[in-house]
Amino acid sequence: MHISEGVLAPAVLTGGMALAAAGTAVGLKKLDYEAIPRVGILSAAFFVASLIHVPVGPVGLHLVLNGLMGLLLGWLAFPAILIALLLQALLFQFGGLTVLGVNTLAMAGPAVLCFHLYRPFLRRGGWWATGAAFACGASAIFLSGLMVALALLFTGEAFLKVAELIILAHIPVMVVEGLITLIIFGFLQKVRPEMLEAIYG
Amino acid sequence: MGKEWRSFLRLLKRLPVLGLGGLLFLMVFVSPALSHRVLVFAYAEGDTIHSEAKFVPDTPVRGGKVLVLEQGSGRELLTGETDNRGKFSFKVPKEAAAGNLDLKIVVEAGMGHRGEWLLKAGSYGRNSEPLKNLASAANRTAVQAAPGPEILKLESQALETILTRVLERQLAPLHARLAEMAVRRVSLTDVVAGLGYLLGFFGLWAYFKSKGQRKV
């Protein structure tokens, strides 16, 4: 999912930076004291997740966990992902500093979108919530793939072709992420229901 | 309902917990393999430049678009595509050899993945002078004239050319190996460092927030 340095046009880079900054500002505004540990933990999970290999497909893919971040953080996913991506760029050379904005937007944008999209169902509880948790994890990856294809559109790559390629390649990841999101949601329902109630109560 | 069935049900209820445990296990013990960084390297052998691209650690970039650029101006000298083993070979462009240009070899692997390699002018093309001419020239001189300083010079030139060729062939795998080793891989230290930074960062944040909240 990380776009490499030197691929995108300056206009796309600045646009991505501006939107990512706006999203981060909204996230920071919503951040209250109690949420900080949650943001920190999920930021750490995101940071490490990119090292977990899903050994299917031609390119070899890794987990992203942005659906889970959306589910548990909402707008706070922006600052959490931004910081994790910054560290990934510095320590792993994934992505890069100039692409930081675009990459943040491509991963945190779908997280926020999925949060709002699936919140009504997650609130209902029961099977609805279970299904929504899976869908949240899977569709966040799907939307991220679309965003990456959109960013590459301006470099002259044909949108439909790239989007198809990215999304087809990411189908295994979608399934795995859906399951992970579902499992963690179920786990929290059992162990820390008060945490979910704070978000979905 | 038998006892076993009930214990199976209990296991099912525990599934989320087990799943999370398994995930954590994966996170800790999965080897840090990263595969979406593109590594490009290239070396010269005679007047041919061999380039190879792969996703780190070891998946060849198949059908990646190769651009050979002039390092300074970014002018495109030639393009190509990697084969099934991620390799692409090309003759040194004439203008590059003539102008002593540094070559930047860029491989675009699709989906926003990209890698590049800089081939300095000094590392290719110095021996592009055809070997045969030199050798025959040396022969001719040897027949025509008695040994003198000139033929010595010619001979040593020919020898140097031959040696450079052989050395290049011998060193090619070594070059490839060096290029591979030059790539920084993700180590456990990086992972732990990153987690430490995150802990510190959010710790500090919480600290300042808490100071603001309850004023002493």
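Backbone N, Cα and C atoms are what each Cβ position is placed from, and that goes for glycine too.
According to TrEMBL, the transmembrane segment annotation covers A:6-28, A:35-56, A:68-87, A:94-118, A:130-153, A:165-188.
Away from its own ends, the transmembrane segment (A:94-118) comes close to residues 1-8, 12-21, 23-24, 50, 64, 66-67, 69-71, 73-75, 77-78, 80-82, 85-86, 88, 132-133, 135-136, 139-144, 147-148, 151 of its chain (Cβ-Cβ under 8 Å, at least six residues beyond either end). Between the transmembrane segment (A:130-153) and the transmembrane segment (A:165-188), the number of CB pairs under 8 angstroms, six or more residues apart, is three or more, so the stretches are in contact. Counting only same-chain residues 6+ beyond the ends of the transmembrane segment (A:165-188), those with a CB under 8 A from a CB of the stretch are 54, 56-59, 61-65, 67-68, 71-72, 122, 129-130, 133-142, 145-146, 148-149, 195-196.
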